[in-house]
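S.K.: Features from Swiss-Prot:
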- Cys378: active site, nucleophile (ACT_SITE)
- His514: active site (ACT_SITE)
- Glu516: active site (ACT_SITE)
- Ser13, Asp146, Ile147, Glu148, Lys186, Thr187, Lys188, Pro189, Thr190, Gln191, Lys222: CTP binding site (BINDING)
- Ser13, Lys186, Thr187, Lys188, Pro189, Thr190, Gln191, Lys222: UTP binding site (BINDING)
- Ser14, Leu15, Gly16, Lys17, Gly18, Ile19, Asp71: ATP binding site (BINDING)
- Asp71, Glu139: Mg(2+) binding site (BINDING)
- Gly351, Leu379, Gly380, Met381, Gln382, Glu402, Arg469: L-glutamine binding site (BINDING)
- 290-541: domain 'Glutamine amidotransferase type-1' (DOMAIN)
- 1-265: region 'Amidoligase domain' (REGION)
Amino acid sequence: MTRYIFITGGVVSSLGKGITSASLGAILEAQGLTVTLLKLDPYINVDPGTMSPFQHGEVFVTEDGAETDLDLGHYERFVNATMTRKNNFTTGRVYADVIRKERRGDYLGGTIQVIPHITDEIKAKIREGADGADVALVEVGGTVGDIESLPFLEAIRQMRIELGDQQTLFIHLTLVPYVAVAGEIKTKPTQHSVKELRSIGIQPDILVCRSEQPLPDAERAKIALFTNVPEPSVISLSDVKSIYEIPLILRDQGLGNRVCEKLNIKATAADLDDWKKVVQAQKNPRHTVTVAVVGKYVDLEDSYKSLSEALIHAGIHTQTRVVIEYIDSEAIELHGTELLKKVDAILVPGGFGSRGIEGKILAAQYARENGIPYLGICLGMQIAIIEFARHKAQMENANSTEFDPKTPFPVVALVSEWMAKEGIIEKRKWGDDLGGTMRLGGQPCRLKIDSLARRLYGEDRVIERHRHRYEVNNDLIGELEKKGLVISGRSIDDRLVEMIELADHPWFVGCQFHPEFTSTPRKGHPLFIGFIKAGLAAKEAKKAVLAAPSQEKTD
């Protein structure tokens with residue numbers, strides 16, 4: 001029997017419902033329970049796949065090829081369960097499915113309404129996503145009081161009635177602000193947020209109160225009194241330097257035990273030793289390395305959320321504090337590569353569109369010519385191919401057909417056909433819809449013997465997640481290989497280039513897939529760990545060069 005924990009948010013958005021849900025999931029998993037997490041998004045887009053990163057942040061790709069909310073990335077980084085397309089759905093998807101059923105005649109001519117048809121569909125999707133787990137944590141996007149969230153809140157209210165309080169539990173995440181002018185912590189916003197939630201029929205069982213500092217006992221007692229929540233169930237969650245401390249903080253306040261008690265679950269004590277090691281390693285680095293992330297969405301760091309976390313994970317596993325310098329590729333176009341002079345390694349992430357492309361190409365050229373470790377992900381690999389073709393293979397004006405359809409050397413072109421992981425041939429053509437038509441999800445990759453990629457992974461075949469519409473043009477690969485480009489990874493059917501590297505460079509790697517989606521704080525990822533180690537080596541080599549003249553004078 002699956003138990004359901006519904007997590008809502010109040011007062012303001014961006015309080016950290018996703019991190020809190022994932023942290024509670026980690027605690028319950030450490031107590032011996034099988035856990036899954038769902039995210040219900042109230043926007044009308046079918047999925048975030050075609051949304052601007054500036055509006056939505058990163059699109060997280062699941063193993064089965066769904067384009068989902070970035071919170072699913074948090075879920076996978078905190079728990080061992082793998083998310084699927086069933087773990088995230090939107091208002092748009094719910095309405096699309098209901099309308100499809102109506103057109104098919106499933107409702108036998110009835111009038112389709114929010115209640116019961118939309119709410120029934122929401123409940124069915126929640127049950128489907130939770131199937132097989134001991135506990136399903138269901139995060140409701142948005143803020144209580146938003147009109148968009150009402151169908152989701154109504155659906156979970158109905159689930160409490162249908163399943164009872166031994167199988168459902170409500171957690172409300174709320175803000176308790178500190179007003180500096182008055183010198184006081186204010187509980188009134190939380191009181192009103194709970195009042196709003198109760199007005200639609202939901203009484204929270206547990207409150208998680210976000211604040212700058214830990215809540216004093218007096219304020220916790222006051223919140224408990226005015227919200228009808230027992231004082232032990234008012235949890236204080238103050239700001240922390242690392243999100244990986246949160247499972248420990250919530251465990252120490254007894255949240256996991258409180259949940260198990262309310263849901264009548266017999267569970268063991270939570271063993272969070274792995275999380276203690278992660279936090280200790282992050283707090284006590286022995287080295288520092290500076291990485292330039294050259295992109296065009298750098299004004300919103302959530303656009304590269306999994307990427308920044310993967311670099312942090314690599315730092316944890318190399319005892320290194322990773323300083324990330326986000327550099328706008330258009331700034332490099334304007335001011336040149338001076339912006340890259342002080343970094344130890346360069347990373348060009350994925351992206352779409354022609355804006356800022358030449359700046360990324362300059363960054364790849366700078367890394368190649370100066371022996372600086374380079375990691376190109378998705379578009380970043382394609383950028384490296386374009387740069388190499390132009391400046392090493394004498395292919396003047398080489399480009400991707402995404403940016404220049406009339407380029408004389410289309411070294412990167414539209415992927416028209418590929419073999420999916422299941423052995424099915426997928427096909428795409430110009431003019432297809434943008435949404436859901438890319439090469440998506442986990443795809444197998446075969447690594448070349450004696451390549452850097454093979455050494456980093458320690459195996460000859462890996463599965464990594466993809467999200468792209470363009471690929472390296474096989475017709476021009478031979479010319480590039482003659483000039484020193486190494487194709488170190490290919491798709492299983494040999495049709496697509498998955499990884500490249502340079503034989504005459506200390507560490508220059510490009511991958512068509514997104515390794516950041518499978519990095520976790522407890523395991524890291526071999527590509528990022530190798531990249532950070534290379535950055536440290538480059539930093540030490542630079543120090544040695546700078547020290548050499550003074551050494552000669554001493555001699």
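Cβ coordinates come from backbone N, Cα and C, glycine included.
Explain the structural surroundings of these features, please.
M.R.: Counting every protein chain shown, 23 other Cβ atoms lie within 10 Å of the Cβ of Cys378 (active site, nucleophile).
Around His514 (active site), taking its Cβ as the centre, 24 other Cβ atoms fall within 10 Å, counting all chains.
Counting every protein chain shown, 27 other Cβ atoms lie within 10 Å of the Cβ of Glu516 (active site). In the three-state DSSP scheme, Glu516 (active site) is classed as helix.
Of all the Cβ atoms in the protein chains shown, 15 others lie within 10 Å of the Cβ of Pro189 (UTP binding site).
Annotation for Gln191 (UTP binding site): spatial neighbours Ile223, Phe226, Thr227, criterion Cβ-Cβ under 8 Å with sequence separation of six or more.
In the three-state DSSP reading, Ile19 (ATP binding site) counts as helix. Taking Cβ-Cβ distances under 8 Å and a sequence gap of 6 or more within the same chain, the neighbours of Ile19 (ATP binding site) are His74, Ile243, Ile246.
In sequence order, Lys17, Gly18, Ser21, Ala22, Lys39, Phe60, Asn88, Glu139 are the residues near Asp71 (ATP binding site), counting only same-chain partners six or more apart with C-beta under 8 A.
Taking all protein chains in view, 22 other C-beta atoms sit within 10 angstroms of the C-beta of Gly351 (L-glutamine binding site). According to DSSP, Gly351 (L-glutamine binding site) is assigned to coil rather than to any helix or strand.
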S.K.: May I ask which of the recorded positions Ser13, Gly16, Ile147, Pro189, Glu516 is closest to Gly351 (L-glutamine binding site) if we compare their C-alpha atoms?
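M.R.: Nearest listed residue in space: Glu516.
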S.K.: Find, among the binding-site residues listed as Gly16, Gly380, the one whose Cβ has the highest number of other Cβ atoms within 10 Å in the structure shown.
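M.R.: The residue with the most neighbouring Cβ atoms within 10 Å is Gly380.
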S.K.: Rounded to the nearest angstrom, how far is the Cα of Pro189 (UTP binding site) from the Cα of Cys378 (active site, nucleophile)?
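M.R.: With the alpha carbons as reference points, the distance is 44 Å.
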S.K.: For Glu139 (Mg(2+) binding site), which of the three DSSP-derived states applies: helix, strand, or coil?
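M.R.: Where Glu139 (Mg(2+) binding site) sits, the three-state DSSP reduction gives strand.
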S.K.: Please give me the CB contact count at 10 A for Thr190 (CTP binding site), counting all chains in the structure.
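M.R.: Excluding its own Cβ, the number within 10 Å is 26.
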S.K.: What Cα-Cα separation, expressed in whole Å, is found between Glu402 (L-glutamine binding site) and Pro189 (UTP binding site)?
M.R.: 49
